[in-house]
Amino acid sequence: MNIGVLALQGAVAEHMRSLEAAGAHAVAVKRPEQLDELQGLIIPGGESTTIGKLMRKYGFIEALRAFAAAGKPIFGTCAGLICLAERVEGQQGLEEPHLRLMDMTVLRNAFGRQRESFEADLNVKGIEQPVRAVFIRAPLIQSVGERVDVLCEVNGEIVTARQDSLLACSFHPELTSDVSLHRYFVDMVKQAENVAG
Ligand code: GLN
């Protein structure tokens, strides 16, 4: 099971470590050609404007849309969630869109200055134990379309969601030793492989 971590900018090594701990072989992805060898991909947290620019520069936008269209799972965390979103609040028309794969509207840096970074234990649908989450200048999901399943909310705000083989969370699941969300994603990838069979 080869799962890539998009290695253009952001928390790459930590995701690779968590993926390995969850039983997958992790690959740092710097070129779109590498996607052919992968069954799933994580887009890490970092700075979404930078990751978006580099995705466009290196030809990842079309390549990742094709990857998703082939039913291969993608997991976006924090800035990666912003990259997956169909709509980014306040940014319509300001710059080139990102991947626009998940039917949701996201708001960047949504938790305010006082709470720029914080940790929480979250109840995520489909995962038995609470998930330890680190929020850093995190976005939140303001609204989702019908095809999107909300997996977790914090104070009424959506922070984890899934649309078929796309998973997104607004926090950093890779900065703790809790790999339950990575295990959940590895299971999604296994299921997609069985279907593709
Ligand atoms: N604030 C960043 C952005 O808007 C996301 C922060 C993160 O990934 N930790 O892209």
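Placed from the backbone N, Cα and C atoms, the Cβ positions cover glycine too.
Curation does not apply to TrEMBL; its annotations are automatic.
Here the structure is a predicted model, which means the values were calculated and not measured.
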TrEMBL records Gly46, Glu47, Ser48, Ile136, Arg137 as L-glutamine-binding residues. Which of Arg65, Arg108, Arg162 is assigned to the same site?
Arg108
Recorded positions near ligand 1 among Glu47, Ser48, Arg108, Ile136, Glu174 (Cβ under 6 Å):
Glu47, Ser48, Arg108, Ile136
Inter-residue C-alpha distance, Ile136 (L-glutamine binding site) and His172 (active site, charge relay system) (nearest angstrom):
7
Entries of Glu47, Ser48, Cys78, Arg108 which, being recorded positions, have CA atoms within 10 angstroms of His172 (active site, charge relay system):
Cys78
Can you check which residue among the recorded positions Cys78, Ile136 has the largest number of Cβ atoms within 10 Å of its own?
Cys78
